[in-house]
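K.L.:
From TrEMBL, for reference:
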- 60-147: domain 'RRM' (DOMAIN)
- 673-686: compositional bias 'Basic and acidic residues' (COMPBIAS)
- 673-700: region 'Disordered' (REGION)
- 687-700: compositional bias 'Acidic residues' (COMPBIAS)
Amino acid sequence: MAAEVMLMNEIEATAAQMGIDMNIDFSSIQLPPGENCGIISDDDDVYHDDQLEFDSGFGNVIVVDNLPVVPREKFEKLEGVIRKIYSQIGVIKEDGLWMPVDPETKKTLGYCFIEYNTPQEAELAKEKTHGYKLDRAHIFAVNMFDDFDKYMKVPDEWAPPEIKPYTPGENLQKWLADEKARDQFVIRAGTDTEVLWNDARQSKTEPVYKRTYWTESFVQWSPMGTYLATVHRQGAAVWGGANTFNRLMRYAHPQVKLIDFSPGEKFLVTYSSHEPSNPRDANRVVINVFDVRTGKMMRDFKGSADEFAVGGAGGVAGNSWPVFRWGGGKEDKYFAKLGKNMISVYETETFSLIDKKSLKVENVVDFSWSPTDPIIALFVPELGGGNQPARVSLVQMPGKEELRQKNLFSISDCKMYWQSNGDYLAVKADRYTKTKKSTYTGFELFRIKERDIPIEVLELDNKNDKIIAFAWEPKGHRFAVIHGDNPRPDVSFYSMRSTHNLGRVAKLTTLKGKQANALFWSPGGRFIVLAGLKGFNGQLEFFNVDELETMATAEHFMATDVEWDPTGRYVATSVTSVHEMENGFNIWSFNGKLLYRILKDHFFQFLWRPRPPSFLTPEKEEEIARNLKKYSKKYEAEDQDVSMLLSEQDREKRRMLKEEWEKWVSEWRRAQEEEKLERQKLRDGEASDEEEEYEAKEVEVEEVLDVSEEVLSFEE
């Protein structure tokens, strides 16, 4: 300290000699904006902390209006009532409930502020209690505190909205007009997402668009292929365009985990699950329904995970997905959710419940919509220890009229499978034997489009066979079943139209001992791939159901996925990153010919781009099928041109290889000529390199490898 005082005295003495005034007002010195001369001020940290606190907003605060106005002696009682109501929804912060008081009358002002731990709890409290009836005279009006800033910015005078000039958008279906009639697909590998053409004629892919970190979890095509959806921390987005993929719309939903399109692509459903502030509480679920084109949120649903976990399988954190299932075909008229003892059916015109109430069904555990009509198939298990049988019911919407009911006895489990046109419904019923020690399986087959909806019972030849897989032929009347015991179960094919009786189911054939555990029908029917995935090491059999014959057998080792292209011309098999090796995909023809193979490290997804339904009438499609030779001439000529081009490319490749070989030989001959004198010296003057001037001599060399001595005994 003494040294510092002496140093300061020396500075002041030197300054006095030079005539410098040391009495400086440092507070009057101002640095240029943004300049700190390399010295960080302590005030900056304080300012930064203040900004963080300010920027966090008041998203966790609600304002509850229309409270009773009470004097101070009733203040504590009213506060207790409000705290009891709102503490059931979330954790109110310490000193987080405040009711302002009129300083003159000493009475409350009829509203209060409540601060929760999280914005999610505040939003849930607003949703649950807005409109809550405390008594006949007091109905709560609840708003988020942050909303008041929005209301304060409303101008005093109305001004007409700005009318923007119309600008035509891109043709989002231009990819369907590809001159080569190719299909697109999207793949994800590592951090890259790529959209590619399947150029099967050239046995390769053609790039369309590639982007790194395009999505944070997965991508998903819309049902008719118009949009590609990506998922991010802030929400979801859809992309599309004529020549490239531009972002068309964003849908704000923080921490979104799952998405689902309606069949007609009009709506997008997003899902997120949030950890509660109290570990004993269930996760909080948020589901939003957006208009795809405008990005407007049409309806939101919030609640505990338990409210969205009834029935179904899959999803996250025990929740079934999709939570909402769409009905009414491509018109997107209805969507429904399974609840406890009810099915809540909403219509999209007002996004409210049909008739403002749910469909009450005691103990209902599963339901599914017809793919084409507003018909719900629902399943109710046995009740009362078997005294009340299980049942499957068909209910017509919006009138909630029961079209058909089938009682099922001794049921242990039930699954429902709709045919793609909604013509048939197969109910797989697992039944207990009389001893209740084992089960067997049969099918109840509903003919939906026929009068009175007749039902037919089908049992396998060996009814004790385990059902491994079931699949309807798309747009057809046949179905396939894998049944029996692994590793070589049987595969049987059935038709809903027998040869002699169109109203009876008939077995077509059974294929014995197949290494298959999954069925993949062509989108056009007729052809099917019998696949042995995962534990079956990727065994593939391409089968023609019309001719009941195998077209080809093949293997894609460790294959995890099989997917037909939307036209039924090609099949993709892939090995995703669940396996560490051989990641990538193969493209096959419909009859099992391997066209090309692409290897990709850390391979996550392969998805064909769906096509919208054809605008052609069934009559026109039938006419094209009858005159296919006339229409195919153009494509046969194109195929021949491609074949000739490939032949020419092969010839050019062979010519280049021959030229490369001749060049290599020429270079070595030149090198041989240049080294001739050196070789002559090494041969003691021998000048010739010709082979015939050399004499080959054969020399035998004997070499002793080992010597051993053995004493043999001779017996007389």
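Just so you know, the numbers here start at 1 and follow the chain as drawn.
Here the Cβ of each residue, glycine as well, is placed from N, Cα and C on the backbone.
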K.L.:
Going by DSSP, how much of the compositional bias 'Basic and acidic residues' (673-686) is helix, how much is strand and how much is coil, in residues?
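P.N.:
Across the compositional bias 'Basic and acidic residues' (673-686), the residues distribute as 9 helix, 0 strand, 5 coil.
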K.L.:
Can you tell me how the residues of the domain 'RRM' (60-147) break down into helix, strand and coil by DSSP?
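P.N.:
Helix (H, G, I), strand (E, B), coil: 28 helix, 29 strand, 31 coil.
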K.L.:
Do you know the mean pLDDT across the domain 'RRM' (60-147)?
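P.N.:
Taking every residue of the domain 'RRM' (60-147) together, the mean pLDDT is 91.
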